[in-house]
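Asks: Before I ask anything, let me first share the structure, which is written out below as structure tokens.
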Amino acid sequence: MGRYRWAVASRALAATAGGYALSSATAAGLGLLLARSGNSSVDAVLWATMLAFVVHAVAALWAFGCASALRAWLGIGIPAALLGGAALALRGAPA
Amino acid sequence: MRPDGKPEGLRQSMSWLHTWCGLLLGWLLYAVFFTGTLSFFVDEITDWMRPELHRSVPGPQTAELAVAAMQKIAPDAATWTINLPGERQTAVEASWRAPGAAAGRAGTQRVQLDAGTGEVLTPRETRGGNFLYRFHFELYAMPRIWGRWIVGIATMFMFVAIISGVITHKKIFAEFFTFRPRKGQRSWLDAHNATAVLALPFHIVITFSGLLLLMSMLMPWGIDAVYNGDAQKYFAESRGRAAGGGGEREARGGRPQAAEPAPLTAIAPLMQAAQARWPERGVGSIVVQRPGTPGSTIELREQGAHSVARGAGEKLLFDGATGAPRTPPEARAPSAAQMVSGTVMGIHLGRFADPAVRWLLFLSGVVGTVMAGSGLVLWVVKRLPERRKLGRTPRGHRSVEVLNIGAISGLSIATATYFFANRLLPVAIAQRADLEIRCFFVAWGLCLLHALLRPHRRAWLEQLWLAALAFAALPLLNAATGGTPLPAAMLHGQWSVAGFDLVALAFAALHGFAAWKLGKSAALAATRPAASGAGLRVPRPVAQSAEKQA
């Protein structure tokens, strides 16, 4: 029972905090990518943010649907790191 | 998510996720759905709650009377906005801004005018429908930002619950046509499914747009990254394009020092021109910039003509001194991203030209509220066999039962109490608006207490009947305490007042029906000893197997 509770807690954390990190990275990273590839700034923000909410919901489904808590974290953490990295790289760079 | 750690299918894990997402914030979501649904009629509710305005009956000269009144009340204002009566309000609501006044609501002064005489009406102090509207996304008695975060998080849970719910019920569309009444748990499940599927697009749009409406708070990172931390620039750019050349903003700078005053042209010919152009809806509001100066303009806006995609409806612009038509500044066309986000948010806000669509949204909201409520009840009903096996009621189950009653029937009673307090508290009492709201919360708290002290089924029955009675009494209360009685309101076309009374009667019928159904099943269950102990009816096979075990 103890193990089960820890697994649920771990996945819940992946879904909420991890999911929010991933969706924030999506909003920022994708927003910058769109803005730098010819879209207007307002459009880039709107598309990226709308998608970010969907991404968070999908991340929550993934966190509880995949086979193990470790996979839950990897599946959310890796794309979050990639998009977050892209955001950091693009933000400093000139348009 | 099985406790024994055995592998399971996607549907099982999604069902688990759906159950817990739904339950954890289900009570809050129910309240958000309930008050949000009522908010589609926020103006009508406010109108009903100010019976002093009911005697205002519009005539052919309403616009002239209103402009004349404004010339007396606020001759030196920078802007007048005169909202004419229509299907959503009985009186003229006029507001004005002094030159150099603070932006937004703080710098706006308001007055209510009798549409038949032009005299100022003093309605009682009340928050009206605005309290319910604000509650549905900011809650109450806490900093606004907290309330918005809590509701925002609950909305995310709702979004996850919807998607996982759809995955769980892979045959959801086939099962939509299945309803097995009077079958205990199956009936609750079917009711939950049917209400979910019936308005599924509505549920998805309303939830997603709820997130978008709170976007700059919940998910500011896109704005932050793309605008390099300058959020104000984003707001300015997105407003500039979506709204086009709005009249209010250009006038905010104030009033030029006019050498000599230039009296406003007569409004009647302009109204006739607009009436000819919009024969169906007529004029909804009149906006006058810099009244009394040579540079003044008069803008007439079509009644209720908001389109979800286009934003505000059609306008006619005139020179204020001569009455000559002017070309309004062209609005820039919104982009695809703005069309998508603007449309879903427009649906959420009920920005529609057509009252029929508003009613459809309201009914979808009612269906959504029933979906949330039936899901909460389903949690309890589904666990009855487990409880029977245990031979006792686990504390967690009992807590859910009590919270369900308090959240569902308790909220109905609290809302009805709010309307009663509006009419029964003395008009001149100090802090009247706050007292009304306090009555709402005291009634809600008492309902929760009542649910805690009474047996489960008795508590449901008593509260549902009380809610039905209270809603049925509202039209009588309205007539007895200075409001326009329902027949007269229907006769005079005061649809804000009549609509409120009619919906109150419909709510009374809804609650009465629920109480009657529950009472009938209670009577049935009492004849079957095995099923009488638990709160709600159990499916027959379960009851029979329980009998065998006993």
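These residue numbers are counts, starting from 1, taken along the chain as shown.
Any Cβ shown, glycine's included, is placed from N, Cα and C.
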Asks: Using TrEMBL as the reference, determine which range in B:240-259, B:380-399 is annotated region 'Disordered'.
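Replies: From TrEMBL, the annotated region 'Disordered' range turns out to be B:240-259.
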Asks: Considering only the recorded stretches B:20-42, B:146-167, B:402-421, B:433-452, B:495-516, state which has the highest number of Cβ pairs under 8 Å to the transmembrane segment (B:464-483).
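Replies: Between the stretches B:20-42, B:146-167, B:402-421, B:433-452, B:495-516, B:495-516 has the largest tally.
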Asks: Need a quick answer: max count of Cβ pairs under 8 Å to the transmembrane segment (B:402-421), which of B:146-167, B:188-214, B:359-381, B:433-452, B:495-516 is it?
Replies: B:433-452
Asks: Can you tell me which parts of the same chain pack against the transmembrane segment (B:359-381), counting only residues 6+ beyond its ends and a CB-CB cutoff under 8 A?
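Replies: Same-chain residues near the transmembrane segment (B:359-381) but 6 or more away: 19, 22-23, 26-27, 29-30, 33-34, 36-37, 40-41, 184-185, 188-189, 191-192, 195-196, 198-199, 202-203, 206, 347, 350, 352, 397, 400-401, 404, 407-408, 535-536, 538.
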Asks: Can you name the far-off residues of the same chain, 6+ from the ends of the transmembrane segment (B:146-167), with a Cβ under 8 Å from a Cβ of it?
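Replies: Distant Cβ neighbours of the transmembrane segment (B:146-167) are 10-11, 14-15, 17-18, 21-22, 24-25, 28-29, 32, 136-140, 196, 200, 203-204, 207-208, 210-211, 214, 217-218.
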